[in-house]
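Below: one structure in structure tokens.
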Amino acid sequence: MAAFLFFVLSSAFYSGIATQKSPLNISLGSSLTPTGNSSSWLSPSGIFAFGFYQQRNGYAVGIFLAGIPEKTAVWTANRDNPIFSSNVSLILSTDGRLILQQPEGQDITVADPLEPISSASMLDSGNFVLYNSDKEIIWQSFEHPTNSLLPRQRLAADHELISSASETDDSRGIFRLKMQTDGHLVQYPVGTTDVAENAYWASGTGGDGPNITLNLQDDGHLYLINSSVNIVQNLSDGGQPQNKMIYLMKIDVDGIFRLYSHSLDQKGNWSILWASSADKCDPKGLCGFNGFCTKLDNLVECKCLTGFDFVNQGNWSSGCERSFIAGSCNSTDPMVNYTIEYLESTIWEDNPFFILETNTREDCAKICLEDCNCEAAFFKDGQCKKQRLPLTYGKRVSDFNIALVKVGKPATKDEGVSEIHNNPPKKRKEEGRLYILIIGISLAVSGVLISVTAGVYVCRIKVSAYKQISQIGNVEFVQNVAPTAFSFAELDQATKGFREELGRGASGAVYKGILPNSKKVVAVKKLEKVLAEGEKEFQNELTVIGKTHHRNLVRLLGYCLDGTKRLLVYEYMSNGSLENILYKPENRLSWDERIRIVRDIARGILYLHEECETQIIHCDIKPQNVLMNENRCAKISDFGLAKILKHDQTRTCTAVRGTRGYVAPEWFRNLPVSVKADVYSFGIMLLEIICYRKNADWTYSGDEAILEEWAYQCFEARELYKLVGDQEVLEVRELERMIKIALWCIQDEPALRPSMKKVVLMLEGTVDIPVPPSPTSFLSAI
């Protein structure tokens, strides 16, 4: 019976293609439910369907191939929403919206065209379209691809496909395929910038003209074509006509994008016609941090470094973490003995922090063992390259590279650490780390206190020099940065006389504008303190942001240096500041949205601290300086107070910068500051985002008024529910993890705070988080 039904569907598909059946009209008021007879809307031939399909223990909404046994999904709506239960409804409402209605909770928009919907159709091409009252297409799934392309569909310039999380989970995965505006079709790990060092496959078509697109034809011809309709590169040849074969291009879970065909008969299954790579270990990030990819015949396996275990045994991309407790570099009584383990023909793509010439791998091992900061090393061709963890993009290769990994084990009883073995494993691990950390910090702070006098003296000299530079008003650096120079008249025209104010800060107001030539919407900041602070902030903003490029930093597009007038032109962020979203009840963010925003901010700060060409301290991290674009991607803005460190600097002396409530304690103690000042500000903001309130709020009584103090009291008493009040029900462990991260970030002692790289790893769940001490307990005990 099943075979007969499939034959009927296949025959319907053949005849549907041949006779070009008109699409079925889906009228307003139509609805679907996951179970029962009305779970999807079929295309005229019956080969494609739009509606509910099975996903793990629930349902997702999307487009799938209904005419083949596998029911392969080719497009998924609301990918990052949790799967839906059987009691939801998909409705084309009478007021012209396509929504998911849930018995409890808000409606979820599936498609959001600019005008009301009058009808819809599921086409035989696999394209789901929405029409207005004039029967014009106002939205179509072909323009919003997820992880696949169908025949007659294209991937336009500046668009990308993102892999699924797993074979049974169509939420966003960890790989992406991007059609860049420079003509390159490139594959990257998700969450990385579009630069060559992050790519693991590229078409090599840069420079072949603008607006190149990736196209798939009915006969399986996959190719790149430019705006002059010239084929730039053929990725595959054409195959059989579509009435005998279905073609599908997809970026798979493993990070490789492939072209598939499927014969429309009872015995049909998917066949690979073309793949971007034959090496399944090519995709970067497949094995996560501290893991590496190995192959045996055609099978791929991820392994951990010796002395490391998978964070999540069922998820290779989660990476690996130490199975031992690392000692502190500042401790004179080592609690861990280290040995070196060798891995032949294995590489990672991290840049070393130091390179030495050595004769043998044993020499390299000795060098690494003697350097507390060296956690791994690579030896090849007489060079010893010292590395810090985590290591990224590891795989086995057929060369003579040797990886050296520092592996620790607890010291013996004679070395005075036998008490570590008397506790349960998890508690022992946390207490051991905390004990090590406190010993190291005691020594570090002693050194800081001894050098305060010298530090203050140097600080005064540098502040004096900075003032002298400011008085000179040198702006020669402007020639070396990328932003465009505008005249005041151009920006006056763009903003229509600075009519629409978006916001106002201490140094001036920000206005909405439209650039006349490109019609690009921008935000124009007009500095008002031009003669003193404004001049310094203007120069500082240009210098700092001109050196940066990251998806979580607001882009500076241009500037105006016209007499005494100083203006800065930024990309327009349509959703305003995080501050406006956080403290308005109508803008309530879900838990998942808040975590995503927190991760965006952390990645932006990490870029400033460790990935930019020069290390930058932002100095004013707060919700007001985090802006949100149309997709609610968080971007850090306002670099007027930022401090650029020289290549040989890790700390700097300067007057207090920042906003009360977010400023780290060391600013007020006349001590040199480091990137850890931003970590403190991030910790305060993390508490505000998680708890949905300001740090200092006097509408709360008693202990609750100061959030950072109240958070630790609730954590210590194991009453975290008091921090979130009547918010949505949260996973308690997830809430506890976020609070622990925040409490580590706001430690009074800078050396106790984690680096932003460690913070990102904590947020991603790839490292253990020890129990934090009271943020003020260390200094109060001195």
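Glycine too: its Cβ is placed from the backbone N, Cα and C atoms.
Per TrEMBL, the features are:
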type	residues	note
BINDING	LYS526	ATP binding site
DOMAIN	26-143	domain 'Bulb-type lectin'
DOMAIN	146-272	domain 'Bulb-type lectin'
DOMAIN	496-779	domain 'Protein kinase'
SIGNAL	1-18	signal peptide
TRANSMEM	434-459	transmembrane segment
Summarise the domain 'Bulb-type lectin' (146-272) by DSSP state, stating how many residues are helix, strand and coil.
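So the counts come to 3 helix, 59 strand, 65 coil.
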CB neighbours of the residue listed as 'ATP binding site' within 10 A?
22
In DSSP terms, helix, strand or coil for the residue listed as 'ATP binding site'?
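The residue listed as 'ATP binding site' sits in a strand per DSSP.
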Looking at the domain 'Protein kinase' (496-779) alone, can you tell me the average pLDDT?
82
Using DSSP, how many residues in the domain 'Bulb-type lectin' (26-143) fall into helix, strand and coil?
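DSSP composition of the domain 'Bulb-type lectin' (26-143): 3 helix, 52 strand, 63 coil.
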